[in-house]
């Protein structure tokens with residue numbers, strides 16, 4: 001048997017780069033085969049010689065090394081792995097360095113504080129002293145891996161971080177401020193105030209917008225380590241300025257995290273200054289920023305409260321109903337349910353329902369679909385009477401919509417709406433829509449109608465569902481003109497089998513499946529075979545043996561290949 005190291009050497013010499021990448025991705029298997037002693041003595045020295053070559057190969061190497069500590073004998077031998085990773089942290093290619101940094105973090109998580117201080121911190125310092133900027137990026141990115149466990153060397157790491165934060169190269173500064181946000185919880189308020197506050201305040205003036213974006217994470221970290229009044233003084237003005245930044249990337253960064261910033265800086269700041277910032281983001285000239293802000297509507301509303309939402313946010317939302325960008329209107333429609341939960345019953349009646357009725361008339365299909373999807377949450381807030389008198393008539397009228405996705409959304413949400421409206425309103429308003437959907441020309445709508453059987457049974461009981469819905473679905477089987485109707489009946493059998501009483505499965509549902517065995521359409525016979533598998537656990541076993549097994553054996557000899565296959569599958573479940 002060939003030696004694992006020799007095989008690795010041969011594969012890494014191959015002209016095909018995919019072969020070399022695959023070889024590196026098998027390093028863990030090779031390490032296990034060699035055992036800890038040979039992995040340390042032979043494999044790692046060899047890998048140290050392989051740190052020059054194709055970037056894709058080095059990426060695979062760097063990624064594998066993060067899980068190597070156990071393979072070389074445990075944490076005490078981690079320095080052997082770190083030597084290879086240190087070299088990879090100096091590579092010019094960004095993706096290789098990033099993988100090496102991630103793996104170094106993984107190694108750091110597995111070793112003692114002593115090894116952090118004697119092995120990883122020296123690596124950080126060596127990388128940080130390099131003339132070329134790429135090792136400095138790695139050094140800055142590794143500070144969070146060791147700061148909390150650095151002991152007496154924490155001050156050295158802070159000094160290094162401060163140096164990186166003023167580096168001429170933007171990529172180094174970016175890594176430094178990213179790391180600063182990560183170490184602040186461990187550094188604490190006193191270190192921030194005495195050592196890092198000046199860097200934070202200068203960050204707002206950095207010429208690179210990608211670096212200013214890091215103000216967001218730093219504001220969040222600061223809010224977690226200082227008192228609320230100090231957070232308002234130190235970070236609130238900067239957080240407020242982010243919504244007015246000249247760069248749309250910075251505004252997008254704060255829009256995506258505005259709720260986390262509000263929580264970090266305190267409710268009073270959120271309800272005043274940051275509520276104004278949120279309103280600005282909702283009105284931003286950039287589509288991406290407006291969309292990101294709308295994603296946070298429910299979370300922000302819960303923080304700032306209903307009164308502030310009504311006063312500061314709702315006027316802008318009314319304008320967004322008419323936004324020229326359909327994606328914004330789609331987002332707004334999808335956020336109405338969360339908004340209703342914030343505003344409560346009265347606020348939803350007066351503010352949200354008018355938005356819903358307006359958006360239900362929108363020309364964009366996705367907007368109307370999202371309104372219908374939001375209707376359940378809204379109805380849970382305002383109650384059956386209010387929703388049935390306002391939004392429900394428009395939803396019912398939308399069942400005539402030419403766009404099938406609108407009709408499907410109504411069908412899909414009908415059971416949940418019914419649970420709020422009650423059985424009487426459901427029966428008089430929505431049931432007929434579901435029955436019509438069973439014969440809709442669009443398959444997805446028919447499927448969604450069938451899938452309402454189980455939730456309706458949970459809401460209203462089996463007897464109601466069987467009498468008012470399932471019996472109608474099963475009657476479609478007798479319609480011989482359209483085989484798709486017969487398929488809908490069989491799908492209904494499959495869906496109902498798990499909630500129907502056993503005698504109903506055996507005496508009512510199973511006969512429909514048996515009739516399908518002789519259907520002239522192969523797709524029906526295939527579906528019947530699948531139905532046997534689905535309902536078998538819920539039907540009487542003796543009935544299956546006496547009435548189904550022989551027919552399945554016949555179908556296993558069917559002239560259609562697919563029918564034979566699925567008949568065989570069904571037999572294996574009997």
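Heads up, residue numbers simply count up from 1 along the chain you see.
Quick reminder: no glycine exception, Cβ is built from N, Cα and C everywhere.
It should be emphasised that the depicted structure is a prediction, and the values quoted were computed from it without experimental measurement.
The following features are taken from TrEMBL:
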- 4-42: repeat 'HEAT' (REPEAT)
- 157-195: repeat 'HEAT' (REPEAT)
- 235-273: repeat 'HEAT' (REPEAT)
- 267-503: domain 'TOG' (DOMAIN)
- 274-312: repeat 'HEAT' (REPEAT)
- 313-351: repeat 'HEAT' (REPEAT)
- 352-390: repeat 'HEAT' (REPEAT)
- 391-429: repeat 'HEAT' (REPEAT)
- 430-468: repeat 'HEAT' (REPEAT)
- 509-547: repeat 'HEAT' (REPEAT)
- 548-574: repeat 'HEAT' (REPEAT)
Same-chain Cβ contacts of the repeat 'HEAT' (509-547) under 8 Å, 6 or more residues past its ends?
474, 477, 483, 486-487, 489-491, 493-494, 496-498, 500, 502, 554-555, 558, 560, 562-563, 566-567, 569-570, 573-574
When the repeat 'HEAT' (509-547) is classified with DSSP, how many of its residues are helical, how many are strand and how many are coil?
32 helix, 0 strand, 7 coil
Taking only the residues in the repeat 'HEAT' (430-468), give me the average pLDDT of this model.
95
List the helix, strand and coil residue totals of the repeat 'HEAT' (274-312) as derived from DSSP.
33 helix, 0 strand, 6 coil
